[in-house]
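Notes follow the structure.
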Amino acid sequence: MRQKVLQFMKQHQLLKKDTTVLVGVSGGPDSMALLHLYKSFSKAWNIRLIALSIDHQLRGEDSIADVAYVRAICADWDIPFEAGTLDVPAYHKMYKVSTQVAARTLRYQFFLEKMQEYDADYLALGHHGDDQVETILMNLTRSSNPAALAGIPVKRSFADGEIVRPLLCVERKEIEEYCAAHQIIPRLDASNEEVTYTRNYFRKYILPLLKEKNERIHVTTQRLSEALQEDESFLEAEAKKAAEKIISEKIKGEKVTIDSMELKSFPRALQRRIYHLILSYLYKKTPKTLSSAHEASFLDLLTKSGYRQLDFPHGLKIEKSYDFIRFSFKNSMQEENAFQQKLLIPTDITLPDGATLQVKYVNEIDKLGKHIIYIHPEDVSLPLQVRFRQTGDAMSWKGLNGSRKLKDIFIDEKIPLKERDNWPIITDDSDEIIWLVGIKKGKKAIEQQDKRTLFVQLRYEQAACRRKNDA
């Protein structure tokens, strides 16, 4: 296996002399074999080797023992070692993301810090050929994006160096045999047997069926992955060149204008990629509600004549005329509608019309009213934000099936037309509307004390001029 991995590393330029390599080591078979391989290369290639191990605080004493095991092995092998402790449960609760996403986010933040601290050239990770097969199959079942089918890259840019995965050329069985041959007794994670996790299901039930038909499926899949990644890199580069030719106006995070006739003349593969490039340029963070249906509606827009308009998540508007397409967040006639501000807790802010908004943590629900709302921090995605309305805004509340457009709510409540565009709206980080201030409270609002002891209280006080007008 050593020669196979070394040849793979040379083929893909994953190894250079006189470099610093950080190795992510969990204590499992894959990462332990990887660390041992790098140790065997280190003298001949003059590699400065450093092992990194992480306690994600997800498996109690077991994860602490994993780190202790790696520390002991590194001491025995004379390899510098660093451990990190990451509060994944807290991040998961605060940002309302899955445990896997929270763990990955914090893990790569830790890796990034260490790459910069050691001025490292490579971060080596232990993904292997079977992981590649599982990843591609999983992506096939849940994504229509061709790029996702390329799976795990052999290498990619990271910090000022690269992430490399030298074990993608071997399967799990070979790694286990390597560990046995070199008297490496790795730690085993019992959660890897729980088939409630999608990857474990594919590992236990789907992969064995494929190996019955082709025992070298990991080799075939790796070749497919590399071919798809090469194709994708080429198409992405071509799309960037094509986009530069047809973009007539662009302001980061605000608007892009392109020649619609030129775009229409391009192959569909380039049209699709240019569309995604523009969205990446405009959105700071891709909305969760952005889907393949939006892509389909945009591509269909190219076939239509006359003036057309599409409304995308977070207020992005796409307008098409005969000779141009404009992606824009701002309505040029109503620049003031761009107001948006994150709400730290605690905070007191003054809104554009002079009204004030107070946000703080409280331990009990004290007073209710149309200008005060309580929510539980675990029920929403923090941070909260206050903004004005955007095209297509809708909200839901307790007792309502589905959602209702803000436009219709304003009409029902007889809110003057001139006030609607500047009416304060509270949303969470996923852009779910929590509170149409003074009018409607969303389904996350808490109306009475429950067993929980920490709440977020938002209190709105109208500007003097509005209070006078309301009176």
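Using the three backbone atoms N, Cα and C, a Cβ is placed for every residue, glycine included.
What TrEMBL says about a protein is an automatic prediction, not a curated fact.
The structure displayed is predicted, hence computed values, not measured ones.
Positions annotated as ATP binding site by TrEMBL: Ser26, Gly27, Gly28, Pro29, Asp30, Ser31. Counted within 10 Å of its Cβ, the other Cβ atoms near Asp30 (ATP binding site) come to 23, all protein chains included.
Annotated coiled coil per TrEMBL: 210-245, in sequence order. Along the coiled coil (210-245), the predicted structure has mean pLDDT 94.
The annotation domain 'Lysidine-tRNA(Ile) synthetase C-terminal' is assigned in TrEMBL to 384-456.
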Requested in this report: Would you count the other C-beta atoms found within 10 angstroms of the C-beta of Ser26 (ATP binding site) for me?
Outcome: 22
Query raised in the report: Counting other CB atoms within 10 A of each CB, which of the binding-site residues Gly27, Gly28, Pro29 comes out lowest?
Result: Gly28
Report summary line: Mapped onto three states, the DSSP assignment of Ser26 (ATP binding site) reads coil
**Report entry** For Ser31 (ATP binding site): intrachain residues, at least 6 apart, with Cβ closer than 8 Å
**Finding:** Val23, Gly24, Val25, Leu125, Gly126
Query - Cβ-centroid neighbourhood (8 Å) of the ATP site, Ser26, Gly27, Gly28, Pro29, Asp30, Ser31 excluded - result: Val25, Met32, Ala33, Gly126, Pro186, Arg187
